[in-house]
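According to Swiss-Prot, the feature ATP binding site maps to 132, 133, 134, 135, 136, 137, 138. For 286-295, the entry in Swiss-Prot reads compositional bias 'Basic and acidic residues'. If you look up Swiss-Prot, you'll see 286-305 marked as region 'Disordered'.
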């Protein structure tokens, strides 16, 4: 379960850094397989320390600042995804580990090594992986549903929770290993993966996020690119220039499929067709092919738009239960991933129609007097809010602000100018958003609370508008998390509905 290095010897002494969900899962996994353990956390009493003891994990615990001294006797380092290798307190330890030839693995690498070991006994699942700045959870959940509708036994795990190794342990214990793994992966998880090679994977988009963790946008994009193995079918968003830089080289054996909100031009690609006021999900395919063409493995620079290409209409976008063009793109990505592992299209289309979406992700929570109230509290970065505005494609009173995480808010200007009637600003970094939007000519007002901002937005909105909570910021300056922020928004909307004689 730990690769060739440790195959024919005593199980390694493992240092687990960080006792969050993934750190706890790695500790349990290593203990399960007979490893000696040392667990370290900057907190003297981390919340999961009691859980570690409750699971009977025998580990030496060290609380306080990280130090290279922790490496004494250690043969393998297991690092939690929330810990940046560039952090001042961690960098010396990681550098020392590499100098000493000690591998540094994250949970995804443990998972990858475990699948290789299980493969020696004949276990050969399909593995689908999803990453991107925005849309990961929606696309992961939808892909899992599509695979189920195609009759496969599916496990969905990763950044979406539960932890990868917990899900794998459960499957092993229950003798219920799945046919397909569908994994939501963050850039943090991918940073410490070395041998991961899924059958199909997608990068949905790359916009500013977690730049402090990675050290810059280029490093962040490179981490996203680690999702692809040498033979992984790459599903890429052709509307995102940074994503398309991850296309395979001409001499690569990897296949490539693209998706986007534009019409596809190459065989096997997916997109949207606008015809007579309707928007269709479509696939580009050879006019001479069967109704169920095999997933296309296309080279990076293959000549576009051959003469026998036609657009096959899959379903109207209006038949999706998730709102917005960005969600239509997510649906295409999920469909492309499922097709890339050979699943039949007909059953997948039924799944697309069935999926209802995830909470707090452009979620319609009420329509009151002709005004939609939309919860996108999970929109914690600029790219998510841009996608929500462009995806809804209607007049909006936007509620934005919070902890901006050092982002550049300038990309908000164009969609705000196009779609917004007004912007309600909240939170610590409201002044930065105001500065970025000051030349748009859109009215902006500052509010001390989300409740106040929601009521002000409701007063300004007109029938046909949406009041959209899409903060473009993290929530921790005012709330316990994005779910708490969403609950406050929903509670205020419920009060507004009751005052107007409506129940939601």
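Glycine is treated like the rest: Cβ placed from N, Cα and C.
Feature annotations (Swiss-Prot) mapped to structure.
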residue	record	contacts (Cβ under 8 Å, 6+ apart)
132	ATP binding site	139, 202, 203, 204, 205, 206, 224, 237
134	ATP binding site	204, 205, 207, 326, 379, 381, 383, 384, 387
135	ATP binding site	204, 205, 326, 327, 329, 330, 333, 387
136	ATP binding site	130, 159, 160, 184, 185, 186, 204
137	ATP binding site	159, 160, 184, 358, 361, 378
138	ATP binding site	322, 327, 330, 357, 358, 361
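All protein chains considered, the CB of residue 133 (ATP binding site) has 26 other CB atoms within 10 Å. In this structure, residue 136 (ATP binding site) is part of a helix by DSSP. Residues 132, 133, 134, 135, 136, 137, 138 make up the record's ATP site, and a Cβ search at 8 Å around their centroid adds 130, 139, 204, 205, 330, 384 from the same chain.
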